[in-house]
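Noted in TrEMBL for the protein shown:
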- 1-27: region 'Disordered' (REGION)
- Thr169: active site, nucleophile (ACT_SITE)
- Arg197, Ile198, Gly199, Asp200, Thr220, Gly221, Asp222, Gly223: substrate binding site (BINDING)
Amino acid sequence: MTSHVVDQPGPTLVIHGGAGNVPSRTGEEAEKFRRSLRQAFAAGQRALDVSACDAVIAAVTAMEDDPLFNAGRGGVLTANGTVETDAAVMTGDGHAGAVCCSRHARNPIQLAHKVLTDSPHVLLCDPPERVCQDWGLEIAPPEYFVTQARREQLEQVLARRQHAPKHGTVGAVARDRYGHLAAATSTGGIVASSQGRIGDSPVIGAGTFARDGVVAVSCTGDGEAFLQGVVAHEVDAQMRLAGQPVDRAALGALTDEVSSRLTGHAPATDGLIAVDSCEQLVVCHVSASMLAAWPDHGEVLTSV
């Protein structure tokens with residue numbers, strides 16, 4: 001278990017690019033991820049002057065546009081060689097929007113936000129191209145999302161020359177100057193999954209959750225375990241009902257609701273980020289590594 005806890009009052013943003021079992025990235029690969037994380041963090045930080053919701057959407061949008069991450073362009077491929085994306089955003093006032101198996105909108109997190117702002121619904125499955133266009137969103141053809149690296153990865157997995165990783169999600173949590181919280185999560189899912197598979201990311205309470213006065217959470221890891229453990233909401237419950245601070249609540253949710261379900265399975269690939277309503281942020285993972293960026297008294301720290 002690795003946990004970074006920082007006392008950071010006032011407007012605060014934390015982002016992640018997924019957890020995994022790469023013990024350490026070095027050299028050029030590490031620098032690519034650090035640069036991408038800093039760029040996404042900067043995009044979110046600029047929007048934080050507007051609101052926590054704007055900040056998390058801006059940060060996640062930047063990561064969706066970056067093929068290094070498993071979200072948007074560069075998302076992993078299903079067994080049929082297609083990209084199906086999931087995304088969710090929730091604001092601390094209790095409103096949320098989400099999409100699953102999305103195939104048309106260039107940025108799934110922006111589509112999820114439109115579900116929140118422009119529809120009476122919370123979760124839509126593969127909204128058609130017409131709906132995306134009516135909402136003013138940029139449409140991308142199927143080939144936009146597929147990269148050569150993901151094609152090769154799928155070939156390796158299908159040939160059983162590579163283990164299918166169950167991780168690779170991006171997310172952001174934020175607290176703005178008004179004290180409002182927001183969380184956003186986006187993913188391409190897992191390699192070689194069945195078409196129509198849905199993980200925890202677009203499910204409010206499982207992979208994404210925010211409540212003003214308590215906490216905002218974005219998760220990454222084994223989606224099925226996070227779904228069954230309702231992990232993001234569990235962090236909120238431990239803080240709100242048991243009076244736990246955010247770092248202990250995050251640790252408790254991961255160990256009680258995720259690690260306990262995966263005993264005897266492949267090495268853990270799970271983590272989460274969270275900010276509370278007052279002054280603390282946490283980056284917590286039980287995996288060997290986690291891509292993340294967070295502020296620490298004027299500096300932006302990254303882990304790769």
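Glycine too: its Cβ is placed from the backbone N, Cα and C atoms.
Recorded features from TrEMBL, shown on the structure.
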{"residue": "Thr169", "record": "active site, nucleophile", "DSSP (3 states)": "strand"}
{"residue": "Arg197", "record": "substrate binding site", "DSSP (3 states)": "coil"}
{"residue": "Thr220", "record": "substrate binding site", "DSSP (3 states)": "strand"}
Open item on the list: Please give the maximum pairwise Cα distance, in Å and rounded to a whole number, for the substrate-binding set Arg197, Ile198, Gly199, Asp200, Thr220, Gly221, Asp222, Gly223.
Closed with: 16
Task: Site with most surrounding Cβ atoms, counting all protein chains shown within 10 Å, from the binding-site residues Gly199, Gly221, Gly223 - done: Gly221
- [ ] Count, for each of the binding-site residues Asp200, Asp222, the other C-beta atoms lying within 10 angstroms of its own C-beta, and report the residue with the smallest count.
- [x] Asp222
Open item on the list: Tell me the Cα distance separating the residue listed as 'active site, nucleophile' from Asp200 (substrate binding site), rounded to the nearest angstrom.
Closed with: 10
Task: CB contacts for Arg197 (substrate binding site) [other CB atoms within 10 A, all chains] - done: 16
- [ ] Using a 10 Å cut-off, grab the number of neighbouring Cβ atoms around the Cβ of Thr220 (substrate binding site), all chains included.
- [x] 33
Open item on the list: Quick check on the recorded positions Thr169, Ile198: which one has the highest count of other Cβ atoms within 10 Å of its Cβ?
Closed with: Thr169
TODO: Round to the nearest Å and give the CA-to-CA distance linking Asp222 (substrate binding site) with Thr169 (active site, nucleophile).
DONE: 10
TODO: Give me the Cα-Cα distance between Thr220 (substrate binding site) and Thr169 (active site, nucleophile), rounded to a whole Å.
DONE: 5
Open item on the list: If I take the alpha carbons of Gly223 (substrate binding site) and the residue listed as 'active site, nucleophile', what is the distance between them in whole Å?
Closed with: 10
Open item on the list: Return only the integer: C-alpha distance in Å from Gly199 (substrate binding site) to Thr169 (active site, nucleophile).
Closed with: 10
Open item on the list: With helix taken as DSSP H, G or I, strand as E or B and everything else coil, how many residues of the region 'Disordered' (1-27) land in each class?
Closed with: 1 helix, 15 strand, 11 coil
Open item on the list: Restricting to the binding-site residues Arg197, Ile198, Gly221, which ones have a CA within 10 Å of the CA of Thr169 (active site, nucleophile)?
Closed with: Gly221
